[in-house]
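What TrEMBL says about this protein:
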- 91-260: domain 'Josephin' (DOMAIN)
- 104: active site, nucleophile (ACT_SITE)
- 104: active site (ACT_SITE)
- 199: active site, proton acceptor (ACT_SITE)
- 199: active site (ACT_SITE)
- 214: active site (ACT_SITE)
């Protein structure tokens with residue numbers, strides 16, 4: 001099998017997120033998926049911003065997104081490129097991956113679950129599996145080109161949904177029958193995923209606080225309960241697809257330490273104020 005599981009037990013009531021899915025060494029070494037890893041992570045990091053194609057998902061600073069692909073962000077996040085290889089993923093106990101190459105879908109998922117549980121190889125394998133299933137249903141009538149994963153780092157919504165399903169999580173459009181009334185009281189939920197063009201990011205409640213965990217930001221941004229509803233509505237008006245995520249979320253250690261969580265939220269607010277000042 002291309003996948004190997006850790007020895008962590010899986011039980012009905014979990015105190016962790018379950019087994020970590022990781023590609024086997026053979027899967028990483030052989031086949032086109034293994035060759036994509038460096039492509040997605042490093043391909044465009046050395047290119048000037050003006051030479052990147054806007055049709056792809058390679059985005060290194062907010063000016064790459066601002067006009068077409070993303071909503072309003074703290075101005076400080078636009079000061080130079082975001083390089084997630086050099087920035088810490090831990091902001092005072094809040095897990096926040098920053099942009100690396102074309103991997104915003106991976107960052108979105110890991111920020112959502114507050115742990116490093118997903119990688120680009122796993123998502124590519126899922127995309128290939130969906131492609132095979134679609135070809136079987138079509139009787140082999142579909143072309144060889146994948147509709148669920150591309151070499152530039154694109155992953156379809158189906159890939160994101162299935163990756164979350166493997167973790168016991170369900171992603172539903174906020175305007176679907178299964179998510180009726182979500183936008184009226186979004187603060188009652190735990191997480192949202194937003195997608196426009198080919199950029200993905202997540203919003204997550206940790207304890208009593210909501211955080212915007214967009215990988216294009218240098219730190220998480222606190223979102224008040226009142227502003228959350230307005231923010232989601234604005235994103236939808238701006239052309240985003242918004243999804244609510246429900247299910248058995250992994251525990252977040254910071255939720256057991258209220259003082260540390262309060263301090264982290266205060267630091268996020270201070271950072272946003274400093275950027276705007």
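The backbone N, Cα and C atoms fix where each Cβ goes, and this holds for glycine too.
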According to DSSP, collapsed to three classes, what secondary structure does residue 104 (active site, nucleophile) have?
helix
Restricted to the domain 'Josephin' (91-260), the mean pLDDT of the model is 92
So residue 199 (active site, proton acceptor), by the Cβ count within 10 Å over all chains shown, scores 22
Distance, residue 199 (active site, proton acceptor) to residue 104 (active site, nucleophile) (CA atoms, angstrom)
6
Could you tell me the C-alpha distance between residue 214 (active site) and residue 199 (active site, proton acceptor) in angstrom, no decimals?
10
So residue 104 (active site, nucleophile), by the Cβ count within 10 Å over all chains shown, scores 28
Among all protein chains shown, how many Cβ atoms are found within 10 Å of the Cβ of residue 214 (active site), not counting that one?
29
